[in-house]
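Chemist: If you look up TrEMBL, you'll see B:1-384 marked as domain 'Cytochrome oxidase subunit I profile'. Taken from TrEMBL, the feature transmembrane segment covers B:12-36, B:56-74, B:86-108, B:120-137, B:149-169, B:181-206, B:218-241, B:247-275, B:287-309, B:329-351, B:363-386, B:406-427.
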Amino acid sequence: MSEVLTKSAARNIFYGGTAFFFIVFVGLVAHSVSTVNAMSESHPVTASVAGGKHVWEKHACIDCHTIMGEGAYYAPELGNVWVRFGGREDAQAGRDAIKNWIKSMPTGIEGRRQMPKFDLTEKELDDLVDFFKWTSEVNTQNWPPKVSG
Amino acid sequence: MKYESQKVALYYFAGALGLFVAQVLFGVILGTIVVAPNTLSELLPFNIARMIHTNALIVWLLMGFFGCAYYLIPEESETELHSPKLAILQFWLFLIGAAAAVVGYLFRIHEGREFLEQPLWIKLAIVVVALMFLYNVTMTVLKGRKTAITNVLLLGLWGIAVFFLFSLYNPSNLILDKVFWWWVVHLWVEGVWELVMAAVLAFLMIKMTGVDREVVEKWLYVIIGLALFSGILGTGHHYYWIGMPAYWQWIGSVFSTLEVAPFFAMVVFTFMMVWKGGRTHPNKAALLWSLGCSVFAFFGAGVWGFLHTLAPINYVTHGTQVTAAHGHLAFYGAYVMLNIAMFTYAMPNLLKREPYNQVLNMWGFWVTSSGVTFMTFALTFAGVVQTHLQRVMGMGFMEVQDALGLFYWMRLGAGVATLVGVVLIVWSLAVPGGKRAGAAIAQPAE
């Protein structure tokens with residue numbers, strides 16, 4: 001780099017530019033958050049959805065599964081598990097299918113990935129399903145492309 | 001080494017290297033579980049092993065950064081560290097906190113958010129440790145000479161602490177949880193960590209190439225400018241599919257594409273400095289790691305990041321093994337290699353020896369780099385096949401995973417090679433042979 005750009009000019013550009021881009025970023029995130037909050041009015045995080053998120057975290061589900069594509073890629077995507085298990089067509093059947101699936105783990109089948117046994121109460125299971133249902137209704141810009149997740 | 005208090009860095013380097021081995025060992029365990037899923041499935045389920053693997057990585061990289069700062073700052077500031085005792089106390093607190101977290105994980109005690117699994121009290125302990133550290137280094141810089149390198153390094157380190165505070169915020173709305181989770185994760189590794197990286201590389205270039213400080217520091221500001229101008233709005237590439245407005249697809253695509261620029265600039269910078277300096281520094285291994293760092297960071301963070309960052313591509317690759325491939329090569333290139341470069345440079349000086357075990361160290365470089373590279377290719381191919389089968393054809397997740405078995409075996413092999421390489425590196429650093437340094441030999445260029 002020649003003398004066109006001095007060190008102090010480079011420093012000033014760095015500080016000024018960083019401040020500028022950070023302010024723009026904060027402004028955009030603030031706008032997005034207000035959009036998300038507005039959507040939450042018709043799509044509220046109820047006590048059971050919040051409880052389900054807690055169950056999700058208590059057992060570190062994200063360190064095997066993914067949710068909206070984020071997680072450990074070792075086990076299936078669960079952001080749309082409600083849809084995949086048919087909850088949209090028949091809510092009760094979808095709910096029972098997900099709960100029974102969790103209860104029947106681990107399979108112990110040789111050579112198959114094992115989901116641990118989690119001793120969840122009926123309420124915890126229902127909360128978790130409510131959380132999955134809520135997540136499947138988020139506007140994810142049509143992601144994932146296929147119901148397979 | 002010019003200042004006695006720089007020696008506290010040795011604690012941090014030793015702790016970091018120990019955790020490095022643990023991290024890679026758990027990586028090999030995870031790679032084994034993937035190909036033989038019944039391995040340890042009751043005792044150590046995948047999710048627990050995985051949080052130990054990722055947390056050990058984060059903790060040792062941070063511990064390495066702390067050590068780098070304790071070595072670099074007295075030398076740049078031309079004064080002894082404010083309080084070496086506080087630095088040693090901080091080390092033990094951090095190490096005990098990390099150990100407590102790991103033991104807790106084995107007993108299923110965690111907060112269950114990816115990478116931020118630490119229980120609340122550990123998170124608060126981390127904040128305390130960070131404040132002790134920042135107090136110590138800031139006081140040192142304030143009483144001594146102020147350089148661009150210490151400026152940028154301090155800014156990066158303060159940024160790490162400030163953005164970590166967002167880990168304490170966990171709203172019950174999953175969308176908002178994710179939005180601010182990325183303020184820790186993305187604004188760390190694609191933001192303030194890059195400041196630390198650029199500052200440490202600049203320091204190494206001044207010491208090893210003999211190029212004029214004015215030139216190096218100008219490059220430093222240009223590089224970190226490119227990093228933050230692109231990286232801050234580049235956060236948008238994580239906001240595509242998590243319930244955020246669609247405009248992030250444009251912002252994320254444009255700005256995260258530009259995130260390649262600072263990494264490219266670092267390659268040009270390091271090679272130009274070495275070429276211009278024309279000085280043969282005796283610590284060839286440290287120079288190899290420094291150049292390797294910029295090159296591997298360019299490929300891992302830059303090229304492999306760009307590979308899946310454009311929204312239409314990310315729509316199909318998001319959350320596949322492509323992401324895992326990028327994650328491994330980027331962390332290795334940018335932050336693992338940076339730390340090892342600094343350890344390799346600083347440890348002979350701290351132990352008052354001529355550069356030692358250079359050949360073994362360089363073997364460690366090549367074996368580890370080959371292992372991680374092969375692993376990255378295996379995971380990339382796995383990811384591409386997975387993307388096609390699962391996201392285009394719509395096949396089920398488990399069925400697709402079964403089809404990827406060969407790639408996972410290759411990944412495991414590469415992982416074992418990586419472990420061997422890491423043992424070589426640690427051995428070469430931790431078991432110093434060689435002569436005590438004469439007065440003239442290990443003098444840095446400046």
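Just so you know, glycine gets a Cβ as well, placed from its N, Cα and C.
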Chemist: What stretch in B:12-36, B:218-241, B:287-309, B:363-386, B:406-427 has the biggest tally of Cβ pairs under 8 Å against the transmembrane segment (B:149-169)?
Modeler: B:218-241
Chemist: How about the transmembrane segment (B:287-309) and the transmembrane segment (B:406-427): do they have 3 or more C-beta pairs under 8 A, pairs 6 or more apart in sequence?
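Modeler: Counting Cβ pairs under 8 Å, fewer than 3, so no.
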Chemist: Check the domain 'Cytochrome oxidase subunit I profile' (B:1-384) for me and report the mean pLDDT.
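Modeler: Within the domain 'Cytochrome oxidase subunit I profile' (B:1-384), the model's average pLDDT equals 96.
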Chemist: Where among B:12-36, B:120-137, B:247-275, B:329-351, B:406-427 do we find the most Cβ pairs under 8 Å to the transmembrane segment (B:218-241)?
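Modeler: Maximum Cβ contact count belongs to B:247-275.
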Chemist: Taking contact to mean three or more C-beta pairs under 8 angstroms, with sequence separation of 6 or more, is the transmembrane segment (B:329-351) in contact with the transmembrane segment (B:12-36)?
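Modeler: These two stretches do touch.
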